[in-house]
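Peer 1: Just lifted these from TrEMBL, have a look:
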COMPBIAS  565-589  compositional bias 'Polar residues'
COMPBIAS  972-986  compositional bias 'Low complexity'
DOMAIN    22-194  domain 'CRAL-TRIO'
DOMAIN    601-781  domain 'DH'
DOMAIN    793-915  domain 'PH'
DOMAIN    1040-1101  domain 'SH3'
REGION    528-592  region 'Disordered'
REGION    943-1037  region 'Disordered'
REGION    1107-1138  region 'Disordered'
Amino acid sequence: MILWMKTEEMALGELLERLRTVTKSIDEIMQLDSSPLRAADITPDLKRKFAFLSGGRGDSGSPIIVFPEFPAFGEITDTTFHNVLTYLTSVPSLSSTDVGFILVIDRRQDRWAAVKGTLLRIAGSFPGNLQLVLVLRPTTLLQRTLSDILFKFNKDEFKMKVPVIMLSSITELHTYIDRSQLTQELGGTQEYCHEKWISHRTAIEGFALMVKKTAQTLQSFGTELAETELPNEIQATTLLLSTHTDKKDKMKEGLLVALGQGSRLLESINEPVVRDPDHNMNQDELENLATVQRLLSQLDETERAFDEFWVRHQTKLEQCLQLRHFEHNYREVRALLDQVSEKLATFSEVGISPAHADHIFCELTTYEERVCEVLDRALVLACEGDELIQNSHYAEDSIQPKCGEVRTISENVSSNLRAKKDQLLKAMELHHCLEKASKWVDDGIYLLASQPVDKCLSHEGAELALQELERYLDNAGQNQLTDLSAIWTEYEAVLNQQFRDQVEKVFQKQTSMQEMFEKRRVSLKKLAAKQTRPVQPVAPRPEAFIKSPLSSPAHRVQQEKNCSETDSGNNCDKGNGQLQNGDSNSRHASLSEEEENLAVLRRHVMNELLETERAYVEELLCVLQGYASEMDNPAMVHLIPAPLQNKKEVLFGNMPEIYHFHKRTFLRELEQYTDCPELVGKCFLERMTDLQIYEKYCHNKPRSESLWRQCSDCAFFQECQKKLEHKLGLDSYLLKPVQRITKYQLLLKEMLKYSKTCEGTDDLQEALTSILGILKAVNDSMHLIAITGYEGNMSELGKLLMQGSFSVWTEHKKGHAKVKDLARFKPMQRHLFLHEKALLFCKRREENGEGYEKAPSYSFKQSLNMSAVGITENAKGDNKKFEIWCNSREEVYIVQAPSAEVKTTWVNEIRKVLTTQLEACRASQQRAPDSVFQFPPVPSGAVSLSPFKSGQKSFKRGEEKKAEPCSPDVNSSSSPKPTGKGSPTSPDHKTKRQSDPTPFGFKGWNKASLSLDASEEHDGYSSAEDPLNSDPEEENGKKLCAGKYTVMADYEKGSAQELSVKSGDMVQLVKEGDDGQWFVRNLSTSKEGWIAAANLITLIGKSKSCQSLTSSEGSGSGNLSTSSSCSETYTSFSDIKP
């Protein structure tokens, strides 16, 4: 630090000395000491031109001052005369002025009085040395004669020490001074411009002052920098470095300005030579040139001196900032090391059991990751300190001890961690030895207790028992504790008093067991050797044996199993450890390699995303500049056909908006995720609203496509394509935005596939879903704008939820008769649009043409208000059909979907719409609690039929009452239990649904009317069964098994192979077919046939009889019907909880 301060002082002293030298040199160059006057101070006097330096020189190099004809010479004040002559004599170099000046006084047009006055003024106040005075006397006869006579008589009055020569003509002047050194007024050839001379002198002196001021400013700034105290905080040091850098930059800007001014001045002086290489500069111009060059040299010297000083000062500030960062990191690392050391000190226990020791070891292993992070950070800090020292940091004396301290503490922490791990491993080893020994002892005691005494009394029994004991003792080597002293020595580091007591206890237990074994061996050997008499042995009473908890057969089996596992584990303990380590390493290597491969794949996807994004932006720019901008180019207007004029917005849509969004925002944000591609989903989510601009572009695409087809062959497009050198036409590039928004979902799918276990998986999935939602919205809106014939405002129908093509049959009830439209067996092909408030039926019409012109249009046919709609999920046993009906089933639309999956999706979506309406209805009724909604009375004898039956079917009230006790509890049946998708149905869902005389199983309802609570639950909607148990996925998830069942509803066969059944029939499910059909035998009628599995779930005792509640919005009335049809009519609100 002290050395650096000395170096800093030396650098400042050197800078100040060099800048003082520069200042002194400038004063010498400009002769500011001898003549402080500047041209700028006396510019008006100089412009009067009563005297000037022509730039000429005499034979001896004397500067020539010319006094031209000036009639008002006598009016010049003495001060003006003195200032001008003083300045003129200071301009030439000192070497020239020492020789003396030659004065040329031109008074040819004047009188002798003017000549005399000029000579007297010069003799009295000329500030320089004179060598010669040449006077061009008046040319008129009288004045010339007077001059000759009076000059001889008044010669002594002039008091000049140099000769004064009176000349009669310019020719005589040329004998004294060469013509090349005289101006054209004096018959010379020298070019002279007085205004230019004044301008050059003013610029040179201004430049000299600028150089001098710059040097003085740098002196002050250098002193300020050197005297600034270094702060002790990172933020303050950063601010100081930034402030000083800004000031330095301003100084450099001033230097650059001065250099620029000097360079321009040099060019101005050299201009005649540049214009005419043969031009010869006069001596004054050469001296001006030399003066500017010397000033520029001094300015360069000033800049070099300051730059050298700044480099040292900047290095000092940067090293100070590095030191502050190092000290800050040192304090943090030091605190972390202390924290880690304190935490490691808490791992002093060795455990009281193998499991406890394993738990402590796992905690230590987990904390080891944290310790390693701290140690790595400490190592990085020490390396940073070493690097600072190697780079000759001025605070080496402060950095080096801290690096050594960090390394020492890190080594202590690392060694402490290793010691703790070794200690715990040793403790775990001893715990496992004690566990094996204790188990071996327990097994031995059990073996002794399990040997039957009656069998041991015989010779053979005694030998077998003895052999069993011998075999058990043969395994003692790997299980029993050998020597306590050896244990004390080997495990001294981990043995505390509690652990010692535990070891001694096990060892004492082992000793007792061995003594028992020895006594049993002695007894068995005697029995095996003893010749017994042939007596009948009598088994002792059970009470004679000592009851041991270890003598149960179940425990014996478990002990043998554990013993075999323990033995095998002990035999292979070390070997298995090595194999496990090898397998673990292999698994870790495989896992690491797999993660690396996934990371590489993610980077590939990210690179593709970025590269295609950049290419996409360039293509958009190319289109906008090469086509869109050219439409405004006056030179191209004559090539634009009439249909294309003023149609730029139609042709290109909002492509400029798309380009600016991707160029200025989206591409830049995507590039920020280059190193973490798995997080790119967040970028998409943040800009999902902006990406909706593609909807506007796609809406305009049909108009753009149509306009393009009209004008695709025009010369304008051909010329633009030729200029751009594109192989493809404009239509290919107009399709790029559509292709791009589609490309995003493909790239997101790829990224999601390779990021399943990464942090940003949820964001990627959400982004993919959102992009697909945008694509769906674009697709749906494209279909919506193709609808024709709808007279209302389509925006009032609410959001478009789904759209698709279906086969549709219609049925209408007119009076008491139910008639199909024109007995229509062939379905109508309709395209359905499901909105929040209405369902539209349209007829699809294919248009002729190509591209977007071939896109279909839709003729509006009919709409249904969703507030008056009900649905039946299964129709006529076809799993692809469902019913949509309204007006108490006066209008029924049988809809067949392309597949069962499509049908399920549509039914669920319609149910959601109806559910939303039900909730809104409930909310409105809760706001008006005083109103009561009444249903009309329901006939007691019969209920309405399903539309699929040809005759009237009914349930009797007695049958309903008979079935009621078998139904489950109302509360349990009305609480839906959710099941996972594709998971087995919960047992709670397998409760049988039976007919209930009250709607939806709620008791206490009046048959003639419904109370307010009931109307709040179910007003305005339709249902085929309990709304809480009508989830089609739940029904489909039920499992049918072969067996006998009671039919709960009537079913009419739809084909010859199917079987008809009635409520109360006993049926047997024989076998299941491949197409979802069951072969069923009706035990009541002895008939057989096939029934769809979906229908069987409803028919047999798994569900209640179908109920249907319908109402029209605002009608205030409804019908409760029980259907015995094969169809299942589900309510729209089966997911709503009461």
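Numbers run from 1 along the shown chain.
Every residue, even glycine, has its Cβ placed from backbone N, Cα and C.
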Peer 1: Of the listed stretches (22-194, 601-781, 793-915), which one yields the highest count of Cβ-Cβ distances below 8 Å with the domain 'SH3' (1040-1101)?
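Peer 2: Against the domain 'SH3' (1040-1101), the leading stretch is 793-915.
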Peer 1: Helix, strand, coil residue numbers for the domain 'PH' (793-915) per DSSP?
Peer 2: 30 helix, 63 strand, 30 coil
Peer 1: As a test of reading the model: what is the averaged pLDDT for the domain 'PH' (793-915)?
Peer 2: 81
Peer 1: By DSSP, what is the split of the domain 'SH3' (1040-1101) into helix, strand and coil residues?
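Peer 2: Split into helix, strand and coil, the domain 'SH3' (1040-1101) gives 7 helix, 28 strand, 27 coil.
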